[in-house]
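Have a look at the structure below, then the notes.
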Amino acid sequence: MPAYLLLLACNVLLVLGAHVQRELVLTWEEGAPNGQSRQMIKTNGQFPSPTLIFDEGDDVEIVVRNYMHENTTIHWHGILMQDTPWSDGVPGLSQKPIEPGESYVYRFTAYPPGQYWYHSHSRATLLDGLYGALFIRRKPGTAGPWAMISEDPEDIAAMERASNNPHIMMLSDWDYYNSTQYKEADANSRLQIFCVDSILLNGKGSVYCPGHQWLIDKQIPFMHKSWPNDTITDKGCFPFVPSTEGPWLADGNVSAIPPGLQEGCVPYSGPTEAIEVDPADRWASVNWIGGSTFKTLQPTIDEHEMWIYEVDGHYIEPRRADTFLIWAGERYSAMIRLDKKPMDYSIRVPDGGYSQMIAAFGILRYKNGDPNARQKPDRFGVTTISKPYFDYNAWPMRDAVFLDKLDLPPWPRKVPAAHGDDMHVLYLGKANSTWEFTLSGKKKYPPDRSAYEPLLYNVNSEQAHDDDLIIRTQNGTWQDIVLQVGHSPLWPVDFPHAVHKHANKYWRIGGGQGLWNYSSVEEAMADQPESFNMVNPPYRDTFLTEFTGAMWVVLRYQVTSPGAWLLHCHFEMHLDNGMAMAILDGVDKWPHVPPEYTQGFHGFREHELPGPAGFWGLVSKILRPESLVWAGGAAVVLLSLFIGGLWRLWQRRMQGTYYVLSQEDERDRFSMDKEAWKSEETKRM
């Protein structure tokens, strides 16, 4: 190959990115992330799922093999899925469920760069452990906002290195009861339950039982005001009150809650997460992921201030903070200066005070730190002598700076269009019970809706035209989504909702108290200009409603990625109990779905199909009609097309037959006992 062609090929690869393949094997087995054993989901034998790291622009191919007893899918949270909507991972929208014993191929471009994560999107199985971090490194030479933190060239270089080699901290909650049992507890008790056993840091934690009276003494003023005649349980769980249960509180049956879920604390000791930093690096990036299913968490690192420089995978103008509230689905990347005395410092992550008094503890460990800088373990096993910002109850112990979540302007500046083309007003809230929800205000979105007839494949179906659950948009248009909570006099105060849209980031251009009584966003802007920000509005993929009574939020985005996408609350039980809608973006430019997805091959291309099906795919490539045409003249053309057509019809049927047989073989393998399966897997590997 001439040298210039080789150079050109290398440049093309740099632009397009490498082809990267990964395999995720899902199993249902015993685990004890907080010291208490239960059945759970493991990925490649571990929990949390493996951290996936790609370079910006990589061509990613991930084979997911389901060896569990239930079907599943995986969503790649925050990835735009431009031109690959069949890989978004939502059953009933972008794919059919991956049944037990089956496999599925996800293909997408690693873009945009930044901190993301992946998790199950089938029923409420996020509670069972299927989630992991996904990080996309920026291209070399990409500018960052480092000079807004420090103008020192050495600091800038150190921060750039740290941003591409972060310490990832997955924050999640965990309970002994699995997702099915938890949902049954909600339904049987007719109550919205928020209680868990543990907060986990990178899948590690313990069950803390500091004592009922100790917890009662730690109650802060708003708690006494919220339940003057009641108290928290020995697990720190809040009592059921009208602000969370609505007018159906009296219908609740606390006795139907399983033992140990709401009260009855039993301590268990599990592992403690520690991240090691080298002060010679000057700076470190700690990337926090809100992988919780219920909890709103408040992370801090003793004696270390944070510079938040990226939110939901997008650079912002850095903001200094000692702590912030991180909700389900959110991500915050924080730069910390490594200039403290070399020793251990506690990482403390309490619940932010919304549903339970509970916390997790980890360690920021300086390399070559002082081994004597320790104390006797306290009631939580903490041995550090560092000074905390907040107590176990999330109450400040000294002056601390909270992050203002409405003051997170994207960097460089990025603003939406001045006017929207369409407006959709959604009335979020309960659906005639404490534990069922609606996003549209009209209907619940069933968790298995159109599961086996994905709307991506059936954009003109009857289910794709249900105005109560479906929004249809035109490509290139600007859409305004108005989220209204507290609109019903039956429940004027509603618990916050973390609303996430697939395939898009969007701007929060406005928000205000009261009821939305406007025919357009422009009318509202004219009436309440102080409630809108069109200069530097926050830009991310997850936004919140507020716990302040009736209020509204206006979100704006442009339709640039046609496909079937989900809009939903990221609290797992809210989603599984109905708080979602489908947005069919760009119905006028609907994507063509490749045959390997529409024809039941689960993303496997002809030559990739297992067993004999793969053989027939290879043979078909050799004997397809166009190959015969190349070998003959004009007289052969008609004959080759005729023979080739018959051959393609026959081999397609055979290929499908062998694929079905291969999947049945996978199910047979799945049904073997656990030890035999592991032995078989060892042989295959």
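A Cβ is built for glycine as well, from the same backbone N, Cα and C atoms used for every other residue.
Copied over from Swiss-Prot, here are the features:
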- ASN71: N-linked glycosylation site (CARBOHYD)
- HIS77, HIS119: Cu cation 2 binding site (BINDING)
- HIS121: Cu cation 3 binding site (BINDING)
- ASN178: N-linked glycosylation site (CARBOHYD)
- ASN229: N-linked glycosylation site (CARBOHYD)
- ASN253: N-linked glycosylation site (CARBOHYD)
- ASN432: N-linked glycosylation site (CARBOHYD)
- ASN475: N-linked glycosylation site (CARBOHYD)
- ASN517: N-linked glycosylation site (CARBOHYD)
- 627-647: transmembrane segment (TRANSMEM)
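Location within the structure of each feature annotated in Swiss-Prot.
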residue : record                      : DSSP (3 states)
ASN71   : N-linked glycosylation site : coil
HIS77   : Cu cation 2 binding site    : strand
HIS119  : Cu cation 2 binding site    : strand
ASN178  : N-linked glycosylation site : coil
ASN229  : N-linked glycosylation site : coil
ASN253  : N-linked glycosylation site : coil
ASN432  : N-linked glycosylation site : coil
ASN475  : N-linked glycosylation site : coil
ASN517  : N-linked glycosylation site : coil
Q) Near the Cβ of ASN178 (N-linked glycosylation site), how many other Cβ atoms are there if near means within 10 Å? A) 19
Q) Relative to the Cβ of ASN253 (N-linked glycosylation site), which residues of the same chain, six or more apart in sequence, are found under 8 Å away? A) ASN188, SER189, ARG190, LEU191
Q: If we count other C-beta atoms within 10 Å, could you say which of the glycosylation sites ASN71, ASN517 has the fewest?
A: ASN517
Q: Quick one: of the binding-site residues HIS77, HIS119, HIS121, which has its CA closest to the CA of ASN475 (N-linked glycosylation site)?
A: HIS77
Q: Compare the Cα of ASN71 (N-linked glycosylation site) against each of the recorded positions HIS77, HIS121, ASN178, ASN432 and report the nearest.
A: HIS121
Q: Identify which of the glycosylation sites ASN229, ASN432, ASN475 has its Cβ surrounded by the largest number of other Cβ atoms within 10 Å, counting every protein chain shown.
A: ASN475
Q: Across all the protein chains here, work out how many other Cβ atoms are within 10 Å of the Cβ of HIS121 (Cu cation 3 binding site).
A: 28
Q.
Just to verify a number: CA distance, HIS119 (Cu cation 2 binding site) to ASN178 (N-linked glycosylation site), in angstrom, no decimals.
A. 16
Q. If you count Cβ atoms within 10 Å of the Cβ of HIS77 (Cu cation 2 binding site), leaving out that atom itself, what do you get?
A. 25
Q.
Using the alpha carbons only, what distance in Å do you get between ASN517 (N-linked glycosylation site) and ASN432 (N-linked glycosylation site) once rounded?
A. 24
